[in-house]
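Participant: One structure follows; several queries about it will come next.
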Amino acid sequence: MRSAGLWSSALALIAALLLPWYLVQDGIGVLSYADGGWLTDPDGAPAPGLILAEGRWWLWPAVLAPVLGLAAALLPLSRPARSWLFLAAGGLGLGLLAAQGWSIGPRGWMAPWLEAAFGETELRQYGIGWGGTVVSCALCVLLAAGLAGRGAFRGDAFTATVAVVLTVSILVFTALPIAQMMAGAFRDMSGAFAPSSAVTRLMDDRLWGLGCLAGAPRCGVVWNTLLLALLTAAGTTALGLAFALLVTRGRLRYPAPLRWMTVLPIVTPPFILGLGLILIFGRSGLLSQAASAWFGIELGRWIYGLPGLLLAQLFAFTPIAFLVLIGVVEGLSPTLEEASQTLRADERATFRTITLPLLLPGLANAFLLGFVESIADFGNAVVLGGSFNVLATEIFFAVVGAQADAGRAASLSLVLLVLTLVVFFLQQRLTARKSYVSISGKGDAGLPPPLPRGVRRLCLIVAGTWTALTVGLYLLAFLGGFVEVWGRDYTPTLRHFVKAFSIEGGQFTGLAWNSVLTTLELAAISAPITAVLGILAAWLFSRTRFAGKGMLEFATLLSFAVPGTVIGVAYLAAFNLPPLELAGTGAIIVACFVFRNLPVGLRSGMAAMAQIDGSLDEASHTLGGGGLDAFRRVVLPLLRPAIVAGLTYSFVRAMTTVSAVIFLVTAETELATVFIVNRIINGDYGLAISTSLALIVLMLAVLGVMNLAVGRRRIGRRAAAAATPVAAAPVPGAIA
C-alpha cells in the first residue's frame, strides 16, 4: 500500500511539473525545450507555469495532491493515518480536477446554471493533454492505495487499483456519453427540458402496437426487436454449442478447418453477408432463379424481413457464442462425467445430467451476448429488414433522417437499455447460488468422453449445413471483386485489386492503403487494451465483493447494448469539448473500440472464471502472494481461451465496425470500413469487395499470430488420442 502511494504520488508530481497540461494540437515535439520557454508557454506549459504565469489557480490540486501523497508516504505515520491522507490526496485531487475540467471551457462556464450562479467569467481553458492525463491516472492509483490501506478489497492495493481504474474508465467513457445522450429523451425539439416529451415518445403506438395479432400488417418495433433478439440469441447459442462440442469432443480428424469456418463470419465486413444472402435468395438470386426456371415457383421477397434478418444474424453472431463456449467446453473436468459412467449411466444420461448443467454459465453468457448483439445490430437490419422495423434502424433514421429527432432517438435507446437490463438480471438469477467449478488445484488426468452418437450426428448435420451455406455466401460475394462490373460484365479481371493496393516507386499509391493501414494501427492499439481490461474486470467481479459491483458490471454492457450509430453520436457530443477534447483524433476511435467491445472480454472471462476454484487464489494468498501474484501466476494461465476470445473479438470488430465510428472519422483517420461504405454508395462494388477480401486475409493472418502468441491453456489432461486402447505392459514381479 505504501509503495503504491509513493510511486503514484511521485509520478503525478513529475507529470504536473514537466508535462504540458493542455492538449498540444501539433504534438509536444513542437515546444521549445532548449530555452525553457515551454514552462510558460500558454499552449504547452505544465500546471505550475499556467498557475503562476496565466493565473489559472484552479490547477493547484494537480500540484498539491501529489505533494500531500508524497508526504504521507515518506513521513513516519501509522497505517490508518497514512491511508486517510492517501484517500484525501487521491479522492479530493481527482474530484477537484474533474469539477474544474467540466466547469470551465473555452468560452467560460460550460453549464448555464454555473453562469446563473456566479455570473459571467473571463476564465478559459481547453482539453487536457499528457500532463492532465498522467496526473489523473496517478491520482486514481493513489486513491486505490488509500482504500486498500483502510481494509477495502482485502487490503490489496492491486485489486483496489483495478476496481478504481475500471470504475473511472466506465464512468468517463461509457456512462457519461450515454447519460448525456439519454438526457435528450427529456428535451423537446428546441432543447428545453420537457419530461412530458419523453412520455409521449415512449407511449407511441409505433413502439408497442399489437395490431399484427388482429390482422394488421405489422406490430410495434419493440415487439419486433424482442422477437428477433430472442430467436437470434437462442439460435446462436445452440449453434455455438454445437460447434464447440464438435471441435473439442467430436473426435474429428481435422477440426481446424471447422474452427476457422466458424470464425470467418466475424472477420467479415458488415455488407458481405447481406450481399451474399441477396445473391443467393434475392429475387435475382441463384436459388430464386433456379426455383422459378425448374419448378415454376416464385420465392418472392421473403429474404427481406424477419426470415432474412434472422438468417443474417445467425451467421454474423454465432462466432461470438462459439468463442465464449469453446473455452468453457475445454475447461470441463472429465472427472464428474467419468464418475457418472462408473455409476452405469449411459452417454446420453451423462451428457444430459452432467455436461449440460456444467455448461450453464457459458450458455447464459452466450445467450446474453447474442441478445444484446441482436437488438443493437444496425448493418444487417438496414440491408435486409425491409418492412420489419427494429429499434436500431428506427434510432438511425431518427438521428440522420429527413425529420431528425434527437429526443426520439434517445427515447428509443432508453428502451434498448431496459431490454438489456431485464435480460441481464434474468441471466444473473439463472446462474446465481450454484457452483460450476470444474478446474481446481486437484490433479486431473481424465479424458473427456466422446459425444453421444445422436448428439454427434446432430452436430455434424448442423455444422455441414452451416459450412455449406457459409462457403456459398462468400464465394458469390467475392466473385464481384474479380469481374469487371457485377450484373453487367462478368469478364475476369484483377483491376480492382491493382486500383486498391498498387505500389509505385516504393510508395503505397493504391486508393485503399491509407484506410487499411490506419484501421490496422488503431485496431492493434485497442485490441490488447480491451482484452486486458476485460480479463481484469472478469477477475475482479468473480473474486471480489464490493459495493456497487452489480451496477458496475452492468455499466460495462451499456455501450454494447446501444446501437453503434448512437454511440458515435454520443461520443462526438461528449468529447468535442473540454476536458476530454478527443474529437477528430485517433484516440476517440480507440476509446470507442475499447469500451464498445469490452463486454465480450468480460463475459467470456467470467464464464471461464466460473470454472476455476477460488481455492487456487486463496492458496496464493496463504503463501504470501498478493492479488497481483494470484492473478499473474495462478488465474491468468488458466484464462488463455478467454484472452484469445477477447483479443479476437476486439481486433476483428475494430477492423470491421461501421456504425459506431462513421461519425468519428476524419480525412486523416478514415477507416477501411468507412472507405468500403463510400465505395458502395458510389457504386464501385469491385473496389469495395477487393478491399473487403484483403481485410479478411489480413485479419485471419493476425488472428493466427494471436493464437500462437497467447498459446493454449494446459489443464493437465490427457489428449484425445489416449482413448485408443493400448495393451498394458507387464508389471515386474506381478503374478500372471
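Just so you know, glycine gets a Cβ as well, placed from its N, Cα and C.
Just so you know, TrEMBL annotations are computer predictions that nobody has curated.
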Participant: Under TrEMBL, the annotation transmembrane segment belongs to which of these stretches: 349-371, 625-647?
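Facilitator: The range carrying the transmembrane segment annotation in TrEMBL is 349-371.
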Participant: Could you tell me which of the ranges 84-105, 656-677 is annotated in TrEMBL as transmembrane segment?
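Facilitator: It is 84-105 that TrEMBL describes as transmembrane segment.
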Participant: When you scan the chain for residues with a C-beta under 8 Å from the transmembrane segment (309-329), skipping those not six or more beyond its ends, what do you find?
Facilitator: 228, 231-232, 235-237, 239-241, 243-245, 247-249, 262-266, 273-274, 277, 303, 359, 361-363, 365-366, 369-370, 373-374, 377, 380-381, 383-385, 388, 390, 466, 469-470, 473, 600, 603-604, 607-608, 611, 641-642, 644-645, 648-649, 713
Participant: Between the transmembrane segment (84-105) and the stretches 57-77, 406-426, 458-483, work out which stretch tops the count of Cβ pairs under 8 Å.
Facilitator: 57-77
Participant: Counting only residues 6+ away from its ends, which parts of the chain sit with a Cβ under 8 Å from the transmembrane segment (57-77)?
Facilitator: 2, 5-6, 8-10, 12-13, 16-17, 21, 47-48, 50-51, 85-86, 88-90, 92-94, 96-97, 100, 104, 123, 131-132, 135, 138-139, 142
